[in-house]
């Protein structure tokens, strides 16, 4: 009965011990750094722990003991292998292993004894190591369009676990498609360290659009990527183009530069230029320049590849030019009244725009000189424009004529103390003005359009005749005017005023007399009419018998009225 009880108790103890073993709790340590493995994670209070013991699984279920610590005693190292100098324990009973290695990837178990209970806490340890860097090696010198070419190897050295590598083009991931993209991966484990080196090889079939594209590789989930690189994309020429400089307008006298542009890569280094039937071949350049072109350079131009003349480009080039001839030109001198015939000949590559100016003022139309006047004198300029070419032609016109007096007149000043004589003349060159009497010169008007006005002030003491004479190198002219003395004019003015007063009194007297006569006749007519009517009533005569007398009387009254009005 006691044996049964003892066996039963042992079975219960074993079940209790097994129930205290927790499941594996993996932790990750970094290669070469201190590895810290926690014990029971604070599930048991430190004052309740009597014994703490660490062991590890050597493999095949064989344990290896590392250290033990009894309550209130120092840690005792029980390891006899490499862990002897690498293990220790902190105050929280965590196991410390220095300089973590890949061989530390195993299960470590913390055993805790509390009173009569035993607890085990196994921990699965993993050791990680980042690759030192990512670098591309064995890169291609160039990529050929349509041909699967090894672009390079992306290598991630000494890592655990092995790095996963992804290739990128212009920051977009590349995936193998069995056609234009092939990615091969290999992993090599270093026997001495257990670390892995991953090599990813990219083969790529380039397209023309890949010119300038940037390629790089990156470790998945890790902050590591290679430097980016680009490759020369080679392809045959498919298109050719002829460029012309200057691009806008080519003028006579400009330098014409032809450039043959081919889209092949590498670009062709020699070209043929067809210059209006002439063939010129250039080496190690794609341009050809014609200096100081003339209008004869207008025509068709071509360029082509030297190794494939069927690959060519064509441009039609026009040289803009403008010639003008104005006749006559220079300094032109004509007589007033004559005609001037102008001729402007234009030879240009296109429609010309023409404008005219006189003395820098714009004219609305071309001047017409059928009969020249002095006002036509001036500087005339023709401006002709075709495209960006402008030509000018000019002449200076001078209209001349002999000096002529156009008018001569006199005026009396407002204060009556002197007289002003005015002589108006025209001619070109400017006429000189002289007088046959001395006087005070009041002024001379500006000489404009062949006209000039000269004024003098005189105080004549006697009646006299004054001459104004105008002269230039082409002729002279003179005109006279009678000027009376101021004394005689004053006497005549008084006499005129006296005569005017007598005449005024006479006129007033006549008018008053006529008015009185009219009233008397009117009164007589009224009396007569009244008596006639009374007599006719008395005698029984007809009223119409006196109509002729009444008519004569009315005519007489009307005649007297008209005289009175005069």
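The backbone N, Cα and C atoms fix where each Cβ goes, glycine too.
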Out of 495-530, 531-566, let me know the one TrEMBL marks region 'Disordered'. 531-566
Hey, does the domain 'Ig-like' (32-112) touch the domain 'Ig-like' (131-234), meaning at least 3 C-beta pairs closer than 8 angstroms, sequence gap 6 or more? yes
Reported in the order helix, strand, coil, what are the DSSP residue counts of the domain 'Ig-like' (238-320)? 3 helix, 47 strand, 33 coil
Integer mean pLDDT for the domain 'Ig-like' (238-320): 92
